[in-house]
Amino acid sequence: EVDWFSLASILFLLMFAPLIVYYFIMSCDQYQCSLIDPLIDLLTGNKHLSDIWSKTPTLTYRAASIYTLWVVFQMLLYLFIPDFCHKFLPGYVGGVQEGAVTPAGVVNKYEINGLQAWIITHVLWFANAYYFHWFSPTIIFDNWIPLLWCANVLGYAVSTFAMIKSYFFPTSAEDCKFTGNFFYDYMMGIEFNPRIGKWFDFKLFFNGRPGIVAWTLINLSYAAKQQELYGQVTNSMILVNVLQGIYVLDFFWNEAWYLKTIDICHDHFGWYLGWGDCVWLPYLYTLQGLYLVYHPVQLCTANAIGILMLGLIGYYIFRMTNHQKDLFRRTNGNCKIWGKKPEYIECSYMSVDGTKYYSKLMTSGFWGWARHFNYTGDLMGSLAYCLTCGFEHILPYFYIVYMTILLTHRCIRDEHRCFSKYGKDWKRYTAAVPYRLIPGIF
């Protein structure tokens, strides 16, 4: 059943999330990234909504062509070029990998080739910038709002198609979840792993490409625009490119590990993932670079080093915390964490068919500090991105606010699921590790 709060939240997001994205991008295009001035103009009568809308760039054939070529190119890289990176990169896991077991007992196979797609895309980007000159490196920034309309078209199209598919030709009917509420089903999805053919998996493709592959290209386009406008690229823009580039590369390096995360293992594919990956992610996760085009910030050396260290420490915590859990699971606890055998609580749970299973929850290493300490590292990195922009405007800080809400909500969702699964054993675990994100505080 869908409770009233969940339904109200979903209706709010369906109505206002596209407007929020538009408002942020419009404020930079027309108000130098001020989130307050548009409201003041509207409230005082200096402008009407029609005035703002009339100044907004419309969809163009050029933008539609760029976006179509981009998505098709990423689909070709995803479907037709088997991974070769795992053959010569030590430690990288690519090629055909198995996902987690679905509630219906299905084990999907995936072609893990995101790192390869990212490398090929960026090699071609730099080859064009320094040799071929087919298009300007500022092409993304120069068409940013027309591309927004293209991203919305794709986001709504794929979400609607996924819902229709779930009714008429689902990939796995046993893994579909119907609540009977149209808005909830459209938002959160019905099919667990919608696919076309053997290899085109909607969830993996749209979660990782085209949005995340584009993330670093978008930042590079911002840097190129800054160079074009001011004759230099500021150290703050370099920091944004470096820190977010590390995050993106980490995602693709660990794409096989990503198959075991909450996005793939628990979320169904609906508007939340379809539209979110096409629009929300590339447009709102890159606000710092966009802001720095309009407000170039040259940080003093001490501040730049401090922000860099915060971002790198956050990344280290994020990666090492996940590595500890992955190592613990792969070895069933027969490993060493910080030089000694890990501590854990053994839990039991019943499957839907009445079979009793056992699993172990680690209570040492970073996982002894807090139950979601990987999210803590993620938030430190997110804050570092925002701090590169100084304190003149609140727009760049939307990211840390959003990530705090998102990851706190994920903590609650995950813990509710774990409590339902493990019962009294989960209470023993939370007693052993009492904090969620910040040791001693929360």
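Easy rule for this one: first residue shown is 1, then count along the chain.
For all residues, glycine too, the Cβ spot is worked out from N, Cα and C.
As recorded in TrEMBL, the features of this protein are as follows:
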- 6-25: transmembrane segment (TRANSMEM)
- 59-81: transmembrane segment (TRANSMEM)
- 115-132: transmembrane segment (TRANSMEM)
- 144-164: transmembrane segment (TRANSMEM)
- 204-222: transmembrane segment (TRANSMEM)
- 229-249: transmembrane segment (TRANSMEM)
- 269-287: transmembrane segment (TRANSMEM)
- 299-318: transmembrane segment (TRANSMEM)
- 382-407: transmembrane segment (TRANSMEM)
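Sequence-distant residue pairs (6 or more apart) of the transmembrane segment (115-132) and the transmembrane segment (144-164) include fewer than 3 whose Cβ atoms are under 8 Å, leaving the two stretches without contact. Residues 35, 38, 56, 144-145, 148, 152, 181, 183-184, 186-188, 271-272, 275, 279-280, 283-284, 287, 290, 395, 398 of the same chain sit 6 or more residues outside the transmembrane segment (6-25) yet have a Cβ under 8 Å from a Cβ within it. Counting Cβ pairs under 8 Å that are 6 or more residues apart, the transmembrane segment (229-249) and the transmembrane segment (59-81) reach fewer than 3 and are not in contact. Counted over residue pairs 6 or more apart, the CB atoms of the transmembrane segment (269-287) and the transmembrane segment (144-164) come under 8 Å in at least three pairs, which marks the two as touching. Only residues 6 or more beyond the boundaries of the transmembrane segment (204-222), in the same chain, are considered here, and those with a CB under 8 A from a CB of the stretch are 70-71, 74-75, 77-78, 110, 114, 117-118, 121-122, 125, 137-141, 158, 237, 240-241, 244-245, 248, 251-252, 255, 258-259, 263-264, 269, 273-274, 277-278, 281-282, 285-286, 289-290, 292-293.
Sequence-distant contacts of the transmembrane segment (299-318), counting only residues of its own chain at least 6 positions beyond either end whose CB sits under 8 Å from a CB of the stretch, comprise 234-236, 239, 242-243, 246-247, 250, 366, 373-374, 376-385, 387-388, 390.
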